[in-house]
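Visitor: The domain 'UEV' annotation in Swiss-Prot covers 18-162. What Swiss-Prot lists as region 'Disordered' is 155-184. According to Swiss-Prot, the feature coiled coil maps to 234-255. Taken from Swiss-Prot, the feature domain 'SB' applies to 292-360, supported by sequence analysis.
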Amino acid sequence: MAPPPAKMQEIHQFLSSALTQRGPSALPYAENTKSLIRQHLLNLISSYTSLDPKTATFTHNDGRSVILLQADGTIPMPFQGVSYNIPVVIWLLESYPQYPPCVYVNPTRDMIIKRPHSNVSPSGLVSLPYLQNWIYPSSNLVDLASHLSAAFSRDPPLYSQRRPPPQPSPSIGSGYSRPLPPRQTDDAAEVYKKNAINRIVEMVHGDIVLMRSAREVETEGLLSLQSDLKRREEEINNGFKEMVIEKETLEQQLQVIAMNTDVLGSWIRENQGKAKDLLVDLDVDDSFECIDSLSKQMLECTALDLAIEDVVYSMDKSFRDGSLPFDQYLRNVRLLSREQFFHRATAEKVREIQMDAQVASIAARLHS
């Protein structure tokens, strides 16, 4: 049943006034969404007359307080053929309607939240698939209230405390207490206090979980940094050790070079005068003396072979440059090649004789 026209007029005026306020008292909703928020609340009140729009202070888990719109009242809950009313508060958060509202079951002083419950936490916070799968702009408060009623019908979230004698009446949540075993009646103020404490404990627990997650991330970052620093420390230490070893090696090599320099300098000073006397009568051919005639013949053949090789190379270059006629080039190459062959053959025979003599000498030493 729709609310009376007078009440709807009051609700229209209230929402228009609340959503058009400016300055510090303005509600924290985006300007382009205020008309949709107003329409959602009007549709909700028209479908569920037991709900009323209000403004109240909402405290976030981080301690921030902000004035928000809410729908406060009851949601019908059909259960075992009887309709009961479940008190709820639907908070329209700052991000509404892009994001879902926050719904709390708000038990009266003679009610207790069922624990455990599939959709309601001990603090009264409601969790539904419809809220988790909220889709803007198709999701709305009327459908949310319908899903709340259906979920509560499957599993009533509240039960009333028993007071002898039992009074069966369709009061809020009274029908749900019948299938439960008799239990001791708690003081209503104590129950309200317990529910408030449970809500605070849940908020603190949520803050602790967030802080713990942040600390874990920070700790992982510090451990990773510590590992990198240790690795760099090892690399620096290894590099320093290598530099020390290299320095010691260079110092040793420097000492050897200094000693060799001193020896070479002493030898030069001692033989500098002798070299001047030797240069007067020095014969290049007598600079190297062979130990025997075979070695001398080998040296001569090798020298002549290499000399002929140089001559042929020079002739080849002259022929390519055009300074040597072709017939003369062929004739000289033929003569030099024949002579070079003779010297190479002689050197090969001398090498064989030397090898035989060396083998005989080694055999004689082995038998002696």
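Glycine is treated like the rest: Cβ placed from N, Cα and C.
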Visitor: Please average pLDDT over the coiled coil (234-255) for the predicted structure.
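Guide: Average per-residue pLDDT within the coiled coil (234-255): 94.
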Visitor: Count the residues of the domain 'UEV' (18-162) that DSSP assigns to helix (H, G, I), to strand (E, B) and to coil, and report the three numbers in that order.
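Guide: For that range the per-state counts are 40 helix, 48 strand, 57 coil.
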Visitor: Summarise the domain 'SB' (292-360) by DSSP state, stating how many residues are helix, strand and coil.
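Guide: Looking at the domain 'SB' (292-360) with DSSP, the answer is 64 helix, 0 strand, 5 coil.
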